[in-house]
Amino acid sequence: MRKIILLGYMGCGKSTIANRLSKITNLPFVDLDKSIEERTNLTINEIFKQRGEIYFRKLEREVLIELLAAPESLIIGLGGGTPCYANNHELLRGENILSVYLKASVDTLFERLVANKSKRPIIAAKTDEELKEFIAIHLFERSYYYSQAQYKVIIDGKSKDETTQDIIALLT
Ligand SMILES: Nc1ncnc2c1ncn2[C@@H]1O[C@H](COP(=O)(O)OP(=O)(O)OP(=O)(O)O)[C@@H](O)[C@H]1O
Ligand SMILES: O=C(O)C1=C[C@@H](O)[C@@H](O)[C@H](O)C1
Ligand SMILES: [Mg+2]
């Protein structure tokens, strides 16, 4: 069955937009980060602190593979780093997988993340000044992987509804 995958940097709106798509399409939405938290009974922050990032990345790949193999159609919101590790981007090339990169500028991401760092272990310890430069470099490094998505939707300056409709247009 079909899998609709949303990917992109932290704060680009994967969870928010996937929830809206789910309501419109009646397809269930599965958030990869949430699935990992449910499976481990730990928050993403706790996993990073107690088990380390490598453990998290292994689990992330395992859960992604399981979700892609699920018998039902799903909307899957990836973690911000998911396509950028362990050749996970290659898993997204399968048949019946439609992948969408929610592309946001550094300024948009900074605005959204600056007030909301604490739940995101990769940026939690950065000062506001460090954060903007970090996002710029990190986004540049990750862009190669994000750009492997089948479709790209630019989200800057768009409302949640507009972004959702842009993706609905790709599904028909
Ligand atoms: N189109 C939009 N316009 C304005 N704000 C938005 C839009 N989409 C999402 N947001 C806001 O941006 C923030 C981040 O969104 P969200 O948590 O959905 O991102 P995410 O990609 O799932 O992040 P993460 O990778 O950390 O899980 C939220 O506060 C959300 O309300
Ligand atoms: O960008 C990342 O590497 C991450 C993003 C989040 O969605 C989580 O998957 C985790 O905090 C790592
Ligand atoms: Mg999310």
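Residue numbering: from 1, along the chain as shown.
Backbone N, Cα and C atoms are what each Cβ position is placed from, and that goes for glycine too.
The ATP binding site annotation in TrEMBL covers G11, C12, G13, K14, S15, T16, R120. DSSP assigns S15 (ATP binding site) to a helix. The number of other CB atoms found within 10 A of the CB of S15 (ATP binding site), across every protein chain shown, is 15.
Residues or ranges marked as Mg(2+) binding site by TrEMBL: S15.
The feature substrate binding site is assigned by TrEMBL to D33, R57, G80, R142. R57 (substrate binding site) carries a helical DSSP state (H, G or I).
Classification of R120 (ATP binding site) by DSSP places it in coil, neither helical nor stranded.
DSSP classifies G80 (substrate binding site) as coil under the three-state reduction. In this structure, R120 are the binding-site residues from C12, R120, R142 whose C-beta falls under 6 Å of some atom of ligand 2.
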